[in-house]
Amino acid sequence: MTTASYRRIVLKLSGEALSGEQGFGIEPNVIQSIASQVKEIAELGVEVAIVVGGGNIWRGKVGSEMGMDRANADYMGMLATIMNALAFQDSLENFGIPTRVQTSIEMRQVAEPYIRRKAIRHLEKKRVVIFAAGTGNPYFSTDTTAALRAAEIEADVILMAKNNVDGVYTADPKFNKDAKKYDELSYMEVLNEGLGVMDSTASSLCMDNNIPLLVFSVTQEGNIKRAVLGEKIGTVIRRK
Ligand code: UDP
């Protein structure tokens, strides 16, 4: 009998992770592969909360670089995460996993508003909860959302699923073949060395609230389960 190392997790899925090779839009095969991996861990009894990004559709920063008002551009980014959340909910439900989407910006016709206690109740009833629309505030990221929600629901860990890299490296492995993968890091090292794991707001929030983070590749089938079973994959970041 396999036992999970965690009771409750936050899985951070970037928009890029849902778009697969093409890097844009939503790729049904990729979503299905990730949903089937989520099914595996839900069947282990792990309580699963998911924070979805939106970078496969729109990033606020890009809009503001084109001359848009930053807050407006960020709201568009938050709306993009809702589209991803609905797509992922659909895929999870096709696998028979009861799933609820909660949004930080109210959109009652399509999803529940974010209510912390209700989210926890869903998790206790073994429903997967997808948190969409980020924090609901411009100038933040969905990585920060993952840190915030993980603290609020008292998750044991954040699993940060990447689609093109299997952990944190000394340099970008795509461009530098001498780049070495870290097995473990502290949040202070991530912040001091400016390692591109997550933005500094998200790293600080994780550090201050003592939330460990595992960065790993979701492209390899079964990796979410490996992560949940505590196998040594990816890079672990914690407060030291
Ligand atoms: N965003 C925001 N506030 C939040 C979360 C997200 O304004 O709390 C916006 C921001 O414009 C961001 C976009 O939503 O660029 C998509 O989120 P993110 O870039 O974090 O997605 P990911 O990189 O994970 O795909």
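Cβ coordinates are placed from backbone N, Cα and C, and glycine is handled just like the others.
Keep in mind that TrEMBL annotations are predicted by a computer and have not been checked by a curator.
Summarising the annotation, TrEMBL assigns ATP binding site to LYS12, LEU13, SER14, GLY15, GLY55, ARG59, ASN163, TYR169, ASP172. Look at TrEMBL and you will find GLY54, ASP74, THR135, GLY136, ASN137, PRO138, TYR139, PHE140, SER141, THR142 tagged as UMP binding site. If you look up TrEMBL, you'll see 8-217 marked as domain 'Aspartate/glutamate/uridylate kinase'. The region 'Involved in allosteric activation by GTP' annotation in TrEMBL covers 20-25.
What TrEMBL annotates, mapped onto the structure for a quick look.
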residue : record           : contacts (Cβ under 8 Å, 6+ apart)
LYS12   : ATP binding site : ILE50, VAL51, GLY53, THR142, ASP143, ALA146, ILE158, LEU159, MET160, ALA161
SER14   : ATP binding site : GLY53, GLY55, ASN56, THR142, ALA161, LYS162, ASN163
GLY54   : UMP binding site : GLY15, GLY77, MET78, LEU79, ALA80, THR81, MET83, ASN84, GLY134, THR142
THR135  : UMP binding site : SER104, THR144, THR145, LEU148
ASN137  : UMP binding site : none
TYR139  : UMP binding site : ARG70, ALA71, ASP74
SER141  : UMP binding site : GLY53, GLY134, MET198, ASP199, THR201, ALA202
ASP172  : ATP binding site : ALA179, GLY196
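Ligand 1 lies under 6 Å from the Cβ of SER14, GLY55, SER141, out of the binding-site residues SER14, GLY55, SER141, ASN163, ASP172. Counted over all residue pairs in LYS12, LEU13, SER14, GLY15, GLY55, ARG59, ASN163, TYR169, ASP172, the record's binders of ATP, the longest Cα to Cα distance measures 24 angstrom. Per-site Cβ counts within 10 Å over the binding-site residues GLY55, ASN163 peak at GLY55. The UMP-binding residues named in the record, GLY54, ASP74, THR135, GLY136, ASN137, PRO138, TYR139, PHE140, SER141, THR142, extend over a maximum Cα to Cα distance of 14 Å. A Cβ within 8 Å of the Cβ centre of GLY54, ASP74, THR135, GLY136, ASN137, PRO138, TYR139, PHE140, SER141, THR142, the residues given for UMP, is found for these other residues of the same chain: GLY60, GLY77, MET78, GLY134, THR144, THR145.
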